[in-house]
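Engineer: Have a look at this one before I ask anything.
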Amino acid sequence: MSTLENEVTFRKQAEVNQNLEAQFDSSSTDFILITDHRTSKSKSLEQLEASKETENAESCCSRSARSVFRMKTLRRRLPFLTWLPHYNTKDCIGDLIAGFTVGLTVIPQGLAYSGVVGLPPEYGLYGAFMGCFVYVLLGTCKDSTIGSTAVASLMTFQFAQGSWQRSVLLTFLTGIIEILMAIFKLGCLVEFVSGPVSAGFTSAVALIVSTSQMRSMLGVKSDGGSFLETWISMFRDIENVRVADTCLGFGCVFLLLAMRSFGKLTIGPKDGTRRNRFQRVVNQVIKFVSTSRNASVVILFTVITMYLDANGTNPFRLTGNIPKGMPAPSLPPFSIEAQPGNETAGIPPVPGQNFLEMVQSMGYGLLIVPLMALLETMSVCKAFAKGKQIDITQEMIACGVGNIATSIFSGYRCNGGLARSAVNNASGCRTNMSNLYIGVIVVLALNFLTDYFAFIPKAVLAAIIISAVIFQVQYQVVTPMWRSKRSDLVPGILAFVTCLVLPLEIGIMVAIGVNLLFILYYAARPKVTLEQLETQQGIRFVKITPDRCLIFPSVEFVRNMVLKLGSKSTLPVVIDCTYIYAADYTAAKVISSIVEDFRRRQQKIIFFNLKPSVVSVFEGLNTRLVLCYNTHALNQELRPDEPDLSRSVDSLDHAESGNGASECVSMASTLSLARS
């Protein structure tokens, strides 16, 4: 007979009714509450068997087919079916304003982030429109905007090494991996990256990206694969610093930060309903100037540079020519043709690579890049969820399809960005349609404005990136973490330091590994409560309560504590298994050895409230356990006149015959024992 059947039978036979507290000494007010956390609270054995037969009779394929073509599933996988039928003029105006405002931010950011990846400026724009178009149809968060981010750009540079072929192929392959992760429901992987590790990683990325842009502001050469190596190489070339670019770059940083703070100013009463029309208009102008500060600064200094260049007095380094128009759609490059270098122009030769060599050069970046992108996208969705449930699977589908579409137009990695999405939210977006207008603005810029992009100073683009990522240094989490749990600072600081000193991919892996070690150590050292209790009949026993499941890292620790206690006392031992919700083979072996040790010493050991799923694990080794599921059974087992210690108390056949069948104590009964 199965464990479940035994359990149902036991529940039917355990029919007693008595004042539980009256059985024990009531001199203490301290109580221990033990409940049986059953996996099925209301279904009887017959109902479970009937449902099982129904499930077996129904084909898995037919269930899946019906699920796919249900309207509920279609609306979940095609979210635009939910909001598009109700789209109105008010929504259109709000999305158009938000899309135009964010578009003015996306264009200069795209040009600047391409420098982080080590690619020409046009590639930043190539990756800024297809993701937006796809997210209109598949995205779930109306505030999220898809495009280049500091994390995605730096990760692409780390694994693509400045090659546009590898960058585009990385985008294509990671998009496929994201879709596969969605199909196999692997969004839970992001939960293995804790908050402290994420904060340390993001802070390190902010400093690394800022450092990579310092060479454009200073006009010096730099190389190196880590934060320290980059700074060392820049100091070696410090004598070649360009004063004009340096002054322009730092001046733009201060100007952008001032314009950002300017957006917080308002005129008139704090209550918006009491402001007059003039005050509302002025506040909207202030808000627009602040949110479009990147575009404003770029336009201003582009006009100045065009004037200086026409007079032959331009002292700044410029972006250079950008190809006009959109790239022709094509499959990503699956190989790299060898190209000779040019020593005179300082162009190194490019070795040829086939597809396997390209994939091998990317290494485990194919796993780290989508994981970090998912983490960044989910942070955006959580920031603007407003209590709504987040469909992490659908977000992975949207990002995966968006990156595949982006790679077809020669763009590199794109995903949700918090700063850009905050601008979208502050601009009054109402639906995902704002992403459509953002993409349209980028497409128009590629077709009509590239001639003017050539006059944008590189120092201005560097200032835009630095002023954006400087706020991603999450120093503000240190104080709450110190007050809450100081040990969480260890993986956070480790992630920050290792990502700065070591290559980024190694640093994040080391930090995640150390964080997992902390989790394993916590699992290996459960809190075990020891209490000596006494019943009203004067029977004394020791109660041991582990606070978590029994798995291989922790079971030896629990075993040593139980045996240590058993060797010092001859009292019966009751193990409260209320919080043991899982066990494995190693735990079953150890429990079996504990039971044998106690049996050899003629000392009782009783398992109280052991879950049926855990019992089935122990039964696999034919372990003979003494089980109790209510206080009456426990009281009977603790009586010293029981001659047979090896039997299994799965039911209460030995219960007193005076207890009627109509008087019942359920399996979820409460045990109240006074401390001795």
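Glycine residues also receive a Cβ, built from the backbone N, Cα and C atoms like all the rest.
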Engineer: Can you say which of 92-111, 112-131, 192-211, 252-271 is given as transmembrane segment in TrEMBL?
Structural biologist: 192-211
Engineer: Looking only at the domain 'STAS' (550-619), how are its residues distributed among DSSP helix, strand and coil?
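Structural biologist: Per-class counts: 41 helix, 10 strand, 19 coil.
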Engineer: With the transmembrane segment (490-523) as the reference, find which of 192-211, 285-308, 436-454 contributes the most Cβ pairs under 8 Å.
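Structural biologist: Looking only at 192-211, 285-308, 436-454, the most contacts with the transmembrane segment (490-523) come from 192-211.
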Engineer: Which of 192-211, 285-308, 364-385, 436-454, 460-478 has the most Cβ pairs closer than 8 Å to the transmembrane segment (168-186)?
Structural biologist: 364-385
Engineer: Looking at the domain 'STAS' (550-619) alone, can you tell me the average pLDDT?
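Structural biologist: Average per-residue pLDDT within the domain 'STAS' (550-619): 87.
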Engineer: Who are the chain neighbours of the transmembrane segment (285-308) in space, where the CB to CB distance is under 8 Å and they lie at least 6 residues beyond its ends?
Structural biologist: 101, 104-105, 107-109, 248, 252, 255-256, 259-260, 262-266, 314-316, 318, 423, 426-427, 452-453, 455-457, 460-461, 463-464
Engineer: With pairs fewer than 6 apart in sequence excluded, do the transmembrane segment (192-211) and the transmembrane segment (364-385) have three or more C-beta pairs that lie under 8 Å?
Structural biologist: yes
